[in-house]
Amino acid sequence: MGSGGVVHCRCAKCFCYPTKRRIRRRPRNLTILSLPEDVLFHILKWLSVEDILAVRAVHSQLKDLVDNHASVWACASFQELWPSPGNLKLFERAAEKGNFEAAVKLGIAYLYNEGLSVSDEARAEVNGLKASRFFSLAERLNVGAAPFIWLFIRPPWSVSGSCCKAVVHESLRAECQLQRTHKASILHCLGRVLSLFEDEEKQQQAHDLFEEAAHQGCLTSSYLLWESDRRTDVSDPGRCLHSFRKLRDYAAKGCWEAQLSLAKACANANQLGLEVRASSEIVCQLFQASQAVSKQQVFSVQKGLNDTMRYILIDWLVEVATMKDFTSLCLHLTVECVDRYLRRRLVPRYRLQLLGIACMVICTRFISKEILTIREAVWLTDNTYKYEDLVRMMGEIVSALEGKIRVPTVVDYKEVLLTLVPVELRTQHLCSFLCELSLLHTSLSAYAPARLAAAALLLARLTHGQTQPWTTQLWDLTGFSYEDLIPCVLSLHKKCFHDDAPKDYRQVSLTAVKQRFEDKRYGEISQEEVLSYSQLCAALGVTQDSPDPPTFLSTGEIHAFLSSPSGRRTKRKRENSLQEDRGSFVTTPTAELSSQEETLLGSFLDWSLDCCSGYEGDQESEGEKEGDVTAPSGILDVTVVYLNPEQHCCQESSDEEACPEDKGPQDPQALALDTQIPATPGPKPLVRTSREPGKDVTTSGYSSVSTASPTSSVDGGLGALPQPTSVLSLDSDSHTQPCHHQARKSCLQCRPPSPPESSVPQQQVKRINLCIHSEEEDMNLGLVRL
């Protein structure tokens, strides 16, 4: 009863129970330490070694995980980190815990005496023993790839004094004699090294090592023994059949070279007792197992790289391969290594050329008898990079690719097809031409290498008017029908023959592949007329729904990403501004000289290359890296820019010591004659640098190489060597005005030789590049050098 005699009920409206107070529990603080130990391992794996050390210092629990678990160190990343006295303990600890990258880099660092300074006394012996230890460890950690460490210690060896390569070889051999396990791959590497000597005794030793390695289970050694015994087995049908069975066994176990040889052996199926259907199935399995790996992933990793930049790099590599007469397989493997590395690791634009030439050094050592030495590779880049830069890049590449150098290429499948099917020589050359053109275009990587090789053969046979371009036999061998190949054929034709190639600043297309196949060895096949798009559609029996595909790069501007070095300065200035130059420049050498220069130089260029090749020029094991290669190489001004003629600035060659009387205005007629000279077949200009309007910049192009008087350089003959060049790129700003300046002619190009005014001998004058630019412009420049 309430007040006033009012009765209240117990409803919720009249009566309220006191509410219960809910006590909020304080949430438990969860940190990274609360995660299970297995999850922490996955987080710590693949971190860089610097990050692992930083995490280790955070908490005692993390410190225990890092210190007591080998898997953390085995998976640690040493990307862009090189052994030095300060971090040597980290590298050694990681290598001993099973880190492949650390072991490879330590072996290379000791072999080339790079980063780890060792006293000159007994340096080869000390470094050789240490390099042997880590190379052996790297080979034991090598999983799924053929033995590879032999490519670092292969001949030529030094003939004077102690040789670090020889010390490594002997140390590895002694290790194999002491240890019973994990020595099959080491024995194979020792055999590969000895097999490259011409001495019969060493050849026999190599054969014995291969036999021992094969007995220990090395599949690659077993295949090499089969290859050496193949010639003798052919004479006896019984032995031939036994040899074929062994080859089939090696192929089934995964040896790529054995798989290729097995497919080629099916050409003699009757002698082997195989039915046509069985032999076709063997080849078909090889072709159908080929998988496409899109190279467009490169551009998702390399944000500053585009298809045109890659085109220029590959075009330059083709020129190097042509100059050094490397095989198509070597070229294709080099490009594959470049693309695989670009998909895995970020590469600044100014290091693209370094990556390309380092991949070529590795691939020539792995598959060729004639190699590209480190010193010669540095020379080919016009000394843009140093000896140690290339050595370190080799370590980065091998570790990033996990020692796997040999991969299937378009050339492999093409060779199988040309072995199994009778094809005219002209058609073979055209097929090879198409396969190398495919290297330049990443969009063609959407097709598997086997399909691309089949499409190249079909297009070649169509071009040469074959009545049955794709027979039933080819269908059975490859598993690709005529209709399956039509899209690939159309894409291949469009990219190779319709789309315009990037052009340099003189609107000269970059056509290194075409020039390569203008040689008589290939029947000058690149000069033949090809089918038009409409003719190809008619030959394929498909309707042409649209007009001929439009070309790209025909108009508009493509910003330059490569640049020549800014002038030849003194050695001290070059060393002081090394990082500045590396961030802005790249050059390339010219491959050929004019007839006048060849007459003057005689065999000097050959002598220069001889001095830069082989072990005596390389001095790799001795660590003699000081000094620059004296022979200057020309610079490829491969500029990918469409120039408006009104904005084109006059460009002429210049020397470091220009003559004062040449400072006046240049004769317009002489300039016109100079700019009309056709490009030489050597490497083309790769890069341009931006400059401010009105600034005087002197440059040299191919005209300076092809028309310079051989006797007008300096007394001697060195001045007529291939000359570096530089080029200019237009500013992207819409308000950029045409540049007007007084260009002066090169003393080497225009002036006859004059006697010295005094008895003091004149200093050697070298062709230079002068590119005046601002710091802001440097940030927008990328490079590639040949």
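Cβ atoms here come from the backbone N, Cα and C positions, even for glycine.
Range annotated as motif 'D box 1' by Swiss-Prot, chosen from 54-57, 286-289, 310-313, 558-561: 310-313. The stretch that Swiss-Prot tags with motif 'D box 5', taken from the ranges 175-178, 207-210, 339-342, 767-770, is 767-770. When Swiss-Prot is compared with the stretches 351-354, 375-378, 507-510, 551-554, the one noted as motif 'D box 4' is 351-354. For the motif 'D box 1' (310-313), the predicted model reports an average pLDDT of 92. DSSP assignment over the motif 'D box 2' (343-346) gives 2 helix, 0 strand, 2 coil. Helix, strand and coil counts from DSSP across the domain 'Cyclin N-terminal' (288-405) read 81 helix, 0 strand, 37 coil.
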